[in-house]
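Asks: Checked TrEMBL, it gives:
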TRANSMEM  33-52  transmembrane segment
TRANSMEM  64-82  transmembrane segment
TRANSMEM  88-105  transmembrane segment
TRANSMEM  125-146  transmembrane segment
TRANSMEM  152-170  transmembrane segment
TRANSMEM  177-198  transmembrane segment
TRANSMEM  213-235  transmembrane segment
TRANSMEM  356-378  transmembrane segment
TRANSMEM  384-403  transmembrane segment
TRANSMEM  415-433  transmembrane segment
TRANSMEM  453-473  transmembrane segment
Amino acid sequence: MADITHPPMEQLQDLEYCIDSNPPWAETILLAFQNYILMLGTNVMIPSLIVPAMGGDNGDKARVIQTLLFVAGLNTLLQALFGTRLPAVVGGSFAYVIPIAYIVGDSSLQRISDSHERFLHTMRAIQGALIVASSIQIILGYSQVWGLLSRFFSPLGMAPVVGLVGLGLFQRGFPVLGECVEIGLPMLILIIGLSQYLKHVRPFRDLPIFERFPVLICVTIVWIYSVILTASGAYRNKPMKTQISCRTDRANLITTAPWFKFPYPLQWGPPTFSAGHSFAMMAAVLVSMVESTGAYKAASRLAIATPPPAYVLSRGIGWQGIGVLLNGLFGTSTGATVAVENVGLLGLTRVGSRRVVQISAGFMIFFSTLGKFGAVFASIPIPIFAAIYCVLFGLVASVGLSFLQFTNMNSMRNLMITGLSLFLGLSIPQFFNEYWNPARRGLVHTNAEWFNAFLNTIFSSPVTVALVVAVFLDNTLEVEKSKKDRGMPWWVKFRTFRGDNRNEEFYTLPFNLNRFFPPT
């Protein structure tokens, strides 16, 4: 026992820039551009999956991607300025896919014979559902109800939740990489090699270029390699699925994207409202709230900040609700959540600066209005991003498990709660996902389609299932007896804004706004 020299530590080691410290300007701009490149993967993938099902063509897809990137920039900036103030990118969310598939499959929309008209009417229905559903998140956030619920959290309960923020996305890692293994596998090997084995190599003065910019360097190298493979005809006689995954000229974004287009609210027409659509979408809003809560906890740890207190967490959820409202008004085809890959990038680059993320929001807005330029970057093959996700999702998962250091893991109670939460958090969604497809609509299959979409969305989320299991068990099994074992003596001071004097440094609103919105 005397040889154990690694006691629990509130803050991670080896991180060079925290939330309120900034790298030099040139380095900051490159880091911000790297964040922009990374968030393209998910925000291109979602419209590419949804828009064709809605009846949209390649031009519609390019315009939806532009709109999604534009709103993601706005939401990221609002969150970094007035929300949690953590260096977290807010982009599109896969949690909304099941409710959107339910709306797309609505019989009244499917009866529209003209594809473009069907796309417009479906988009308006999705907009209406997002606008109504956003009210749930806005109310839970600004009323401080979500903050009150977070008082039931503990390090033991949060470890599996934050862990599954990363682990729960495993299907978007190697399975997607394997769709084009000849570019995905080199990307995975290259990013691990540069960021870990060559991180101390400094060809330019004292700048650890391989550790600081691994995504930019690796994406550039492998992207050029994939262009060479495409131009040489390596995929000429391959199946269409392989060509879509591997070729750099199959995205059809550059030719269809306009040179300049400024997204604006209600650009697809007036939203339409349906009670069933709205109820189904509320499930996705709840799921994205839970996932974002876990991502905020991970981001605070990787930015060397204190865990966001209840007041700050509620404030962030409220602003994220505003973000979902903006998604509905602009018509992005999906809602908003924290981008887990960008949270992982904080740890990979060892830079948790808020300014970097704020400038990256500027890149999102700028390139979304210059359609052709943005489309060039958005045409990067998805398996390249999947290789990066293998590293970054795993890193976020390990950050979640690091919360266990504040608990007693020699306790059978704690071992049971942690193991059961992790296992059911992976097993139940896997069971539901095996039964889900757009035609059958999932395991829950009653005559009420909105009810099916609601339950299938909730139980398809690993983080949501883990939260329900972990928090319930942690607050019902030998609660008083296990306070120290749960890590509550360390955790309790972060429940309130005044509980730790560092909270003011990390989470105080800018422009002296705390005078009008005093923290509690």
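Heads up, residue numbers simply count up from 1 along the chain you see.
Note: Cβ is positioned from N, Cα and C throughout, glycine not excepted.
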Asks: Tell me whether the transmembrane segment (177-198) sits in contact with the transmembrane segment (88-105), defined here as at least 3 Cβ pairs under 8 Å among residues 6 or more apart in sequence.
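Replies: Between the transmembrane segment (177-198) and the transmembrane segment (88-105), contact is absent.
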Asks: The transmembrane segment (125-146): which same-chain residues, six or more beyond its ends, come within Cβ distance under 8 Å?
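Replies: Counting only partners 6 or more residues beyond its ends, the transmembrane segment (125-146) has Cβ contacts under 8 Å with 99-100, 103, 106, 109, 268, 271-274, 277-278, 280-282, 284-286, 288-289, 293, 310-311, 313-322, 324-325, 327-329, 331, 333, 335, 520.
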Asks: Are the transmembrane segment (88-105) and the transmembrane segment (213-235) close, by which I mean at least 3 Cβ pairs under 8 Å that are 6+ residues apart in sequence?
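Replies: Contact between the transmembrane segment (213-235) and the transmembrane segment (88-105): absent, because fewer than 3 Cβ pairs are under 8 Å.
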Asks: Tally Cβ pairs under 8 Å between the transmembrane segment (152-170) and each listed stretch (33-52, 64-82, 356-378, 453-473), then give the stretch with the top tally.
Replies: 453-473
Asks: Mind pulling out the one from 33-52, 64-82, 213-235, 356-378, 453-473 with the most Cβ pairs under 8 angstroms to the transmembrane segment (415-433)?
Replies: 453-473
Asks: Out of 33-52, 64-82, 213-235, which stretch has the largest tally of CB pairs under 8 angstroms to the transmembrane segment (356-378)?
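Replies: The stretch with the most close Cβ contacts to the transmembrane segment (356-378) is 64-82.
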Asks: Hey, which bits of the same chain come close to the transmembrane segment (213-235), Cβ under 8 Å, at least six residues off its ends?
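Replies: Apart from its flanks, the transmembrane segment (213-235) reaches 30-31, 33-34, 37-38, 182-183, 186-187, 190-191, 194-195, 242-243, 246-249, 345, 348-349, 380-381, 384, 388.
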